[in-house]
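Colleague: Next up is a structure, given as structure tokens.
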Amino acid sequence: MASGGLRGLAVAGGGESSDSEDDGWEIGYLDRVSQKLKVPLPVEEKNETFKKALTTGDISLVQELLDSGISVDSSFRYGWTPLMYAASIANVELVRVLLDRGANASFDKDKQTILITACSARGSEEQILKCVELLLSRNADPNVACRRLMTPIMYAARDGHPQVVAVLVAHGAEVNTQDENGYTALTWAARQGHKNVVLKLLELGANKMLQTKDGKIPSEIAKRNKHLEIFNFLSLTLNPLEGNLKQLTKEETICKLLTTDSDKEKDHIFSSYTAFGDLEIFLHGLGLEHMTDLLKEKDITLRHLLTMRKDEFTKNGITNKDQQKILSALKELEVEEIKFGELPEVAKLEISGDEFLNFLLKLNKQCGHLITAVQNIITELPVNSHKIVLEWASPRNFTSVCEELVSNVEDLSEEVHKLKDLIQKLQNERENDPTHIPLMEEVSTWNSRILKRTAIAVCGFGFLLFICKLTVQRKYPNICF
């Protein structure tokens, strides 16, 4: 009854696996003689025909079979229902027909819900969104989790569907729910590198500080997976995006986030979310969206903006208020500078030797930190230009700065050699200075030598007197001492 192959078989969404490779579905094109079922089919054959009609998306045959008495919630082998299969391939019309015939939108198989299956389906985001909307309209719960505690919004975020994320939240989905590994929808979006989803979730009140079971926050997850643009954006402390839509009603949220596609389905909606570049993301995160057109008109890149001086800000028409926001954000991102003010004032002549030694040790430690920092940069820097995520200025600028850095390092090396020679000179002069007052250790050593020599001399003199006394007594026994 079937011939030929048809695409690949849909599997359970979000990494959930069924008990069989094909879950009881035979994939193929349905070779039909007639559009009508002229002869009643046996139950077993009718079920096979129903499965093949679902597989090929034959809406009219599905309706005929339903009219013939087959159950809309038929449980095929391994437990999948017709609606679950239709949702897994994002077949909007098939989902609509089955729901209109009374299919259970809240059905689950081993905690794999139909809504989860739809959110992780194969197909365009527009198709997936329409299927999700249909299921939500039939009271499918957006907060029911699978065996791994992942909810529909996590699957939508993981697969990069900001429109689906928005409509789920509009229907009551919890944004900050965590799965068995502590991942939230934001963590999944950051892990997979879905910038648009990250922005949308922040608007919807996602908490970017929630940690996974291994203690990582979304920005760290993004960095670990080489999504540096998302890492930089999530690292910003100032983020007026966060929670912008959190207090709106469901109707207000849908109205703000989604637009109607009147050309295709007037009763279905989908988002018109636009992707941002790195400059737009930076400005958007600071609430400076109004500056976007101004900076683009003047061909100012993000790198240029981050290195502007006060006069350049003013020259390019950036107000003091906006300047302060940019500078505050930069301050948050800067690595703390070396605080040499905490070191002793080495120029003073009364400085102690211990303080000077401590200064040199701290200076050496700071140099070690600088070497490590450069080594880390070399390790993290992409080896191929096509792997660079953020917009870069001309490589000549970086080369020029590196040349200045090399020059400064050479100057530092020269100054340290001068310092070393000066210290060596002072040491030599001190050793040859007759007025030099030795340290307590040296004085005590000299005193001990004198005491030792005196003791030996006294003992020797006493022994000599004893010998002389014995000799005299033998020769002159009448002499008394």
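Even glycines carry a Cβ here, placed using N, Cα and C.
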Colleague: When Swiss-Prot marks a stretch as region 'Disordered', which of 1-23, 47-69, 208-230, 231-253 is it?
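Modeller: Among 1-23, 47-69, 208-230, 231-253, the range Swiss-Prot annotates as region 'Disordered' is 1-23.
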Colleague: Could you please provide the mean pLDDT value for the repeat 'ANK 5' (181-210)?
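Modeller: On average, pLDDT over the repeat 'ANK 5' (181-210) sits at 93.
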Colleague: Can you tell me how the residues of the repeat 'ANK 4' (148-177) break down into helix, strand and coil by DSSP?
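Modeller: Tallying H, G and I as helix, E and B as strand, the rest coil: 16 helix, 0 strand, 14 coil.
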Colleague: Counting each residue once, how many in the repeat 'ANK 5' (181-210) are helix, strand and coil under DSSP?
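Modeller: Residue counts for the repeat 'ANK 5' (181-210) by secondary structure: 17 helix, 0 strand, 13 coil.
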